[in-house]
Structures are given as structure tokens and as C-alpha cells.
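Engineer: Next up is a structure, given as C-alpha cells.
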Amino acid sequence: MGCCGSTERTKREWKPLEDRSCTDLPWFLLFTVFCVGMGSICGFTIATGGAGRLVFGYDSYGNTCGQRNEQIEGVRLSGLDQTDKKYVFFLDPCNIDIVERKIKSMALCVSLCPDEELKTYQDLKRFAMHNGSELCSYELAGHKYPGLPERFDKCPKLPVPPSKSLPVFNRCTPVDISCYAKFAEAVVMFVSDNSVLHRLIGGVMASKEIIVGLCLLALVLSMILMVIIRYISAVLVWILTAMVVLGSLAGTSILWWMYIDHVLLVYAIAATVFTVILLLLMLFMRKRVALTIALFHVAGKVFIHLPLLTLQPFCTFLALLLFWMYWGLVLLFLGTTGNPVQNEETGLTEFRLTGPLQYMTWYHAVGLIWISEFILACQQMTVAGAVVTYYYTRDKTRLPVTPILSSVLRLMRYHLGTVAKGSFIITLVKIPRLFLMYVHNQLKGKENACARCMLKTCICCLWCLEKCLNYLNQNAYAATAINSTSFCTSARDAFVILVENALRVAAINAVGDFVLFLGKILIVTSTAFAGVLLLNYQRDYAEWVLPLIIVCLFAFLVAHCFLSIFEIVVDVLFLCFAIDTKYNDGTPGKEFYMDKALMVIYVKIWYTGGILLKWEIKCVSILDKNINATCKVLVPCFMS
């Protein structure tokens, strides 16, 4: 990783971007070992034949189709040469329980899947004679099918539905969907009773060009909103404030008016107390709301200077998608890996992991959570590193050519251990929450009210803890990007800064989150409105309601991904601002780094109590020249 280790500074100093050293190297090594273990599981499944059995399929005697097989001790008809028999055929293809992952039907390797319905044993004989594909058990001769007494147990259940082989996995799959009624009864009834599903699918296919266009529209709107939100944030914030205040006053007035005729004194008093507290909070927090608006304004500038930040959701989603595909494929490999075991219920041979090997599935499950959180944490660290570079570069014309790429390289060279440690902490909280959710689902309807309440309480508490840790981790990554300190040191420093600015943090999170929520609603409604206009030519409502739902869901997902990046930028900017104001005062050697928009807010709040003096008229022009010179002039002016 470019270095072997680092020594933590004994004295805490904030020296943004001045020096770099490896952080949490042992955790990087631990994560590397863990990933090697994940890769070893994949290698084990391939080496032991699990991957081959998944792709090529195997019969009920443990023979892999399409290749020579070795004899399995104690299993008759194993060790056959199935080179010419490449397809898996189930004697009772409709008796497959996908929900419970149980195959109750005997499986054979055949050379050809039946492409037409076979109604009698004579048809089975004719198919075997003409095509050389015997559909009964291996010990039965094809030309004797009609007269054999074993035909009822070792031949396919009649009638044999026509089937086709899957493109990659070589399983003979019945063409008729009604065959799957045992595990898809609700779907089959829905399809057979009416044609709504067919019409909905037809509407999607007919409108696929419009759907793609609307999805691109949602994407463009999300990217534009991230830039212009700095101009509309003030309007949204003050409209929100006015609505909350007016709603509270109106509700309180109505309760007092109703008290004249009804006994509502308690509610009226409670509403009055709430309204008074709310008005005091609004009065007290107005300065911090102004800070939130300024942070949104600067965040918009960040995206103008660093437009490639908008690509971060794509990169993260692609990385997660590739990993999830790999994880799912290895999980399927694990399902066909292990020792051959005879199922006592069906008498069929299955492959199961036994002994210590069965813990590989749990290891693989933990890997899904930890590596997914690691990828998300890498995004947070990358964005934080780019924003920190922007904030602590006084002359924005001297920003690195590719600050995001520089942030990625710093992350890979120095801070992967920090990201691994932070994501592991989230994993430790998420695993018990998921386990409790699993227990709750398994006991649904069986546990008493007290147990159900306790389970839900624990799940809720763990969820809240996870959200808090996510927020703290994000600020810890920002502190690491600023000062190149280890995760624990960065988390402690970030926590101290956040506690010292608790009211400002509360205002930014409350107001900022609501503004971003309104942004998501704006994108979804705009996309939905455009969809209604474009799909309106469809006469039947049922034909375009599903395309519109798909578009709205995609629009919300895209808006959430992009505005989440915007939220990270705002949080990192605030941490930088808080550190800047704590350790700098504008004097020589302690010049501010902040943007002029933040400087104006800082001077208003901290030096004038929110009221600009007459000196601002002659001093504020310096803002366009030198941000620190502004502070040097304004502060003496306001303090005099």
C-alpha cells in the first residue's frame, strides 16, 4: 500500500492535506485475509466440482451430466459415463418446491429434452428409439418401457410436458407455466383467471422506449437539481419554517376555540406549550438555519468545480452489482458442493456440506455484509477526500486536475484499513439486527405480545444505533481525509467537533434532510407528470399504469442515490467549517479556508449577532479579493 506503518502524533494538530501516512494497517491486512478466504470458498467449490454440478447439472445418483464420473461408495448407478448425456431431465418436473429449495423428483441425464408432449409409455419408447434419449431410469431398457412393472416408479409421470433446455444450465424446463402451479399457485390463478398480467406486460413492452426516456429524464433532473438546489434551498427552508409555525398556531387556535364547547383544556394547554417551545426554537435556531442554507450554496459550488462527483453513484452501484452477482454465483456453487448424502425422505442423492465445511455458508453471508459496507464506505471516503481538497484549497483555480481520482488514489494507498475498520463496525451491528428480524419472521403468529414487543424494540434500537454509527463513520472518514489519522482517532475528533456544534448539527440534519426529501419528491413528481403526458395516448389505463410505476420507482432510486451524495458533501463541508472556525481566527498564520458565502454567515452569526453594521458596506467588497482579508477587516470593525 505504499508504506509499512505510521506513528500517531502525540499532540493533536489539524494540518489539512499536509502529510499522509498509512492508517489502520492491521485492519487492512485483516480485511485482505478475509477477502482471500472469500476467494478460497469460490476456489473450493470449483475444485470439488460444485461449480461443475451447478452448471452442467447432476442426476439423482450423483453423476454430473456431460462428463465421466467416478464411483461413489454406497450409491448404485454412480460412476457412469455421461459424456453424451448433457441435459438434466426430471421425471416429475412439476414436483419441484422452489420456495423450500427441495427437489422431490428423480433426475436423470439425457441426451435430448422432449420437445413434444408424451402421453403414453409407447410414446416414451418411440422417443427413446428415434432420438436415443431414454427418459426412464438407467437400468431400464428403452424398448421394454410399455411392459415393465417398474415403469410406474422409474419412468416420467405421464403425460410428459414438452420442455426446452436452459441456455447455460442445461436443465430440461417445461414450456407450459401451468406446470409450476404447486409453487406458484397464486400467479397461475392470476394469469388463468384474467388477462391483467398479460396486458400489463404488454404495456411495458409497448412503452419501453418511453420508459427508457423517462428514466434518463429522472437522471438528468437529479444531476441538475444537485447544482441548482443551492439557489432554491433558501426558499424551501423558509417556506418550511413558515408552514410549521402557521400550522402550529392554527392547530392551537382551533383547540382553544373547541375548548369553549368541549372539555379539551389539556390538549389546548399541551398545544400551547408545544407552540411556544417551537417558536422559541425557531427564533433561537434561525442563525443555524442560515448556516444550512450557506452550506447548501457551497455544496452546489462543489459540484460545479467537481462535476465527476455525480458519477460516484454509478461507480458504487456497478461495484455493488458486480460483487452481488459474484456472491450469488458462489452461493449457488455452495448449494451443489460437499459430500454425497442420500435423502431419507426421497432416497435421492444430494450434495451437502457437512462438519466444519458447513460454516463456509455463514462465512460467505458475513462477507456479503462486510464487503458491501466496505464498498459504500469507499464511496464516502472518496467523496470526503475530494470535498476536503476543495475546501482546503484557497485558490480554487489551483485545484488538482482530477481531485476525485487523487482522492481514490489516496484512499487505496493510505486509508483502506480505516474504511475496513469502519465497515466492520457497521457489520457487527447489522448482523444481530438481521438475525433478530429472521427470528421475528420465523415466530410470526407464534410468540406472545410481550416477546413480539421486545423483539421489535431490539430491532428498532439496533437500527437507530446503525444509523448513528453510519453518521459518525462518515465524519470519521472526513477527519481521516483531512489529517490522515486512524479510524479511532478520527472518530473521536469528529465526535468532539459534532458535540461542540450539536445545535448546528441538529439544524443541518433536520432542515437539510427535509429539503433533500422535497428534492426527491420534486424529481419523482416531475418524472411522473412527464410520464402521464407521454403515456396518455394509451387508451387503456391498465396498460400504462405499470410503466408509470416502474418509472417513478426508478426516479426515486436515482434521486436518492444522487441526493445522498449531496448530503455527504454538506456533512463534510460542515465538519471542515467547524474545524476551520475552531482552530483559525483570520490572523496571520491562522487564515480561514472557508468560502466567502460561509464567511459572511460566520461574521453575521459570531460577530454581529445576526445584524450587519454599517462597516460591512465598506468592508464586504474585500470578499471578492481575499477571504481572510475580509475577516481581518470585518472582525475589528464589528468588535470595536
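Glycine is no exception: its Cβ is also placed from the backbone N, Cα and C atoms.
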Engineer: Under TrEMBL, which of the candidate ranges 184-206, 414-436, 460-482 is annotated transmembrane segment?
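Structural biologist: Among 184-206, 414-436, 460-482, the range TrEMBL annotates as transmembrane segment is 414-436.
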Engineer: Hey, does the transmembrane segment (25-47) touch the transmembrane segment (414-436), meaning at least 3 C-beta pairs closer than 8 angstroms, sequence gap 6 or more?
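Structural biologist: In this chain the transmembrane segment (414-436) contacts the transmembrane segment (25-47) - 3 or more Cβ pairs sit under 8 Å.
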Engineer: In the same chain, which residue numbers or ranges, 6 or more beyond the ends of the transmembrane segment (362-393), come under 8 angstroms Cβ to Cβ?
Structural biologist: 16-17, 31, 34-35, 37-38, 41, 302, 305-306, 309, 312, 315-316, 319-320, 323-324, 327, 330-331, 334, 399-400, 403-404, 406-408, 410-411, 415, 418-420, 422-424, 426-427, 430-431, 434, 473-474, 477-478, 480-482, 565, 568-569, 572-573, 576-577, 580, 593-595
Engineer: Who are the long-range neighbours of the transmembrane segment (210-229) in its own chain, taking Cβ under 8 Å and residues 6 or more past its ends?
Structural biologist: 204, 296, 299-300, 303-304, 310, 515, 519, 522-524, 526-527, 530-531, 534-535, 547, 550-551, 554-555, 558-559, 561-563, 565-566
